[in-house]
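See structure below.
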Amino acid sequence: MVLPGHRHVFGSDPKQLICRDMLKYLLLLHCCLHISARNSLNDDLLSPYPLHSKHGPSHSHRQVRDCQPVIDGNRTHEEWPSSNSTRLPVSTTRTFESKFSSTGGMKTVYGHFTFISNPLRSFSVLEPGGPGGCSKNLTATVEETIKYGNCIVAQNGGYFSMDTGSCIGNIVSDRKLVQSAKGIQNAQFGIKADGTLIFGYLSEEQVLETENPFVQLLSGVVWLLRNGTVYINQSKAAECDKTQTTGDFDHFINVISARTAVGHDRDGRLILFHVDGQTEDRGLNLWEVANFLKDQGVINAVNLDGGGSATLVINGTLSNYPSDHCTYDPMWRCPRSISTVVCVHEPFCDPPDCSGHGQCVLGECQCTDFWIGPACSVLSCGPLNCNAHGNCTEGGCVCDQGWIGTDCNISCVQGHYGHYGEGCTKKCPCQNNSTCNHIDGSCQCSDGYTGLHCEEVCPLGFYGAGCQRACQCVNQCYCHHVTGSCNITEEPRLSELSSKVGQCMETLLCTSLKNTQHSETAVNIFTPWTWVILTCTLGFLLVISAAFNLKQVSQTRVRQIDSKYSYHQLLEVNGNMEVAGMLDPWDANQDGT
């Protein structure tokens, strides 16, 4: 390729290829950051303080309080409840064309009013180029910054250093304290967590308050209106630092230029104001702005950055006439890369992500699954809430074993006879028309049946529920296992049994079984004479056993007395005798010496 003004053609020189690649990477980095290089000449400068000097006065908040009019008391700011209307649209922007008298006759100015119905949830202060822009001293056009806020309407916000790009003043963006001005006394605009609108001068302690903190905060210069009264002179005394800078501050107030401001009306609607212009050529001075806002019903208002910084973007499109000339051709006008941006967007939800259980649509959480509540933070499965027979989950009721239905209000027995368990999917094993427990499947047998699955009839001699009742039939132990009836000649099972055993044995067995089951005291089945014979027999056997044992002991004693004993001398290991001589055999029947 050939660069304009140069004849050299890029070829295959490695150095040239490296330079070209580096240029590509720099361009890609520039596009990814969405931060523009300066695209305007910054030639329409409008500053309240001398360039390259400190921004804001050096005196304390106490001095501002002591020097303000007595009618205002000790409070250096005003509070107003914001509108919380949920009616659509979120905001309305109107264009005006108005005539103003001037030294040269009448002048025509053009501008916009934007009315915001629910500022607590629909208004934000954005850092330049997105979050963290102030800490990096970034500047960006309004069009570039609003990509991070989904802004419907946006204007330039606070002041910044033309030398370094650093943000100036107090800044709170969507509940985050970006920076504190360390008590420098410039006019402030903010919104508290409870929706209260704040206009005026604040101490550092008030800025950093945590009980009802600021969710949005921005520093301007000059409090235009205080409670419906033009407050420029009082503001000049509060914000002008030294005598030698009075001329600069007066010029800032009195010169005509493009202007922006923020205020509110009696309904608590937030109002963004913008007027086109160019410093010392067209536009309005701050006196004209203040009186014009007052005529439109504005109660409190603070002036924001103006001049070449004044920018209005609606639905992503530049909607004003910038006063800065473009760098690439002074024939054209270009928007300036600025600092903070005031942004109107669709209402935020609280929390913005609806607790992760819904979507935020026009400031209201539309909950998913079974989540309810303004923040989609409450899990509910309807008014019955699973009827205490299940657990409510994101997917609905998870029923306990034995229960089914959307609300776990149907038991398996009621709706699915013959089934039990989780989801009523297990078939009951109970037989003979017995009842199945709908939770664990255990059987409750019908009258006359027993067993794990109620597969057996009652044992002989018993009948009824749980086979607990004894038959009351004369001369027979069995009865009908269900009713207890003794007339069961037609019962095949019992007829077969009766043919195999005699009536007497049957009666004896029945009596024994009944006595074993229902009595703790055993009944004797032997007659008294039988017991006498058994006792005598056992006594006779005991006498014989004792006599036999005595005879055995006597014979053993006699054998021990007739025995002889002798002693042999022990030998040592080497064969020597341990003791000389040997004892003679000893007769146990002899007298000892």
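Quick reminder: no glycine exception, Cβ is built from N, Cα and C everywhere.
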Cysteine from Cys436, Cys454 that TrEMBL links to Cys445 by a disulfide bond: Cys454
Listed in sequence order, residues with CB under 8 A of Cys454 (disulfide bond) and six or more positions away: Cys430, Gln431, Asn432, Ser434, Cys443, Cys445, Ser446
Neighbouring C-beta atoms (10 Å sphere around the C-beta of Cys445 (disulfide bond)): 23
